[in-house]
């Protein structure tokens, strides 16, 4: 009997590992396809006859759509399930990039960017799916590997895109190739059994309940973490709904309309709205503010990098490109360091986030005050590592405080916050450059230090809250054992 249980658990773990590796491949191919297109967009829209102003407006369409759709689509994945929402996003992104390959006018170009802007959230849903499949202790390691795989794709994509562009109709070939890649990704996701993701999700929730010391039976209870009082919303995840639907089926009460993605649209939208409201009214403003401050600070570091290298050190664009490629490669490889570093910190993500933020702010300062290129090279080396670890830390903390049941909503909200940073950073960079080429990174130092100060104030409250939850769980567990 014991051997049978062990073999069943071993088989489940192997299936789970196969799904995780499949998601790594999806992440790699996703950014590989996208990065083939990104460097070519501005050239193509100008070739269609757009003025610089129109090109700027058209270029901002994608960012604005992402800003408003990230949280909604992420929350929708909590409602209808990861596999269905991921398939929908990949197929609609395929449509968008296919239309881009046929864009012979500015109007068609804008039309092609709409489905991509609204539904290109495949990476966010992949992260939410990974958080469903692994325990809290495994999450930083798996997320780090996923980010590394995606980053490698982002590095290799422009090389292939540039090669294809040299041939006649290169942009259209690149667009159709990108659409084909997303279609292949949809095929990979289709092959993932829904039952496997549901079963692993339920196992993960149970493991996290035991290890973190509090229950996540209700989404609102897992999100509150402090001041949020609206704990009367019994919002179940899609997988939990499917599990209850399955039990109804065994009792003879199965109805097709109970399946999440077959429910009426108004019912899905109602659930999405409720989830977003719970996150918006929760006590997680501090984490989202830290994310925003650091996102802007990092973008300010890169905003005028090429121009600053030329003006400060007379560095040619070719050498600057090598420096950026070197930093990007290190950032990709740094994803593999996340697991060992979190183990070194004994999964104390709050302390790791604080230290990585301090290191990032120090490196931005050293870059702003660098007297020569060698110091810039040194700061770029450690900057790529610290920012990679910091991004993983803040995502993990959002999931830890919000609960895995809310992972889609939380990751989507984080992406929306980052999108706000992408809108604000160019504006702040332009204003800072009016004073000095070192203005943008200097402003980045100020924002990063503000994030450090906020962490120093809030982390003791997070730790105290976590200790209270753990004590309550232990007391209730001991009382159950006594009875």
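Keep in mind that glycine also has a Cβ here, set from the backbone N, Cα and C atoms.
Keep in mind that TrEMBL annotations are predicted by a computer and have not been checked by a curator.
In TrEMBL, the transmembrane segment annotation falls on 170-192 of the listed ranges 101-123, 170-192.
Of the candidate ranges 380-399, 440-459, TrEMBL annotates residues 440-459 with the feature transmembrane segment. Ranked by Cβ pairs under 8 Å to the transmembrane segment (84-100), the stretches 21-41, 170-192, 440-459 are led by 170-192.
Where the transmembrane segment (21-41) meets the stretches 53-72, 170-192, 322-339, 440-459, the count of C-beta pairs under 8 angstroms peaks at 170-192. Below 8 A, the CB atoms of the transmembrane segment (406-428) and the transmembrane segment (53-72) form 3+ pairs separated by six or more positions in the chain. The stretch with the most CB contacts under 8 Å to the transmembrane segment (142-164), chosen from 284-302, 322-339, 440-459, is 322-339.
By the count of Cβ pairs under 8 Å, the stretch nearest in packing to the transmembrane segment (284-302) among 53-72, 322-339, 440-459 is 440-459.
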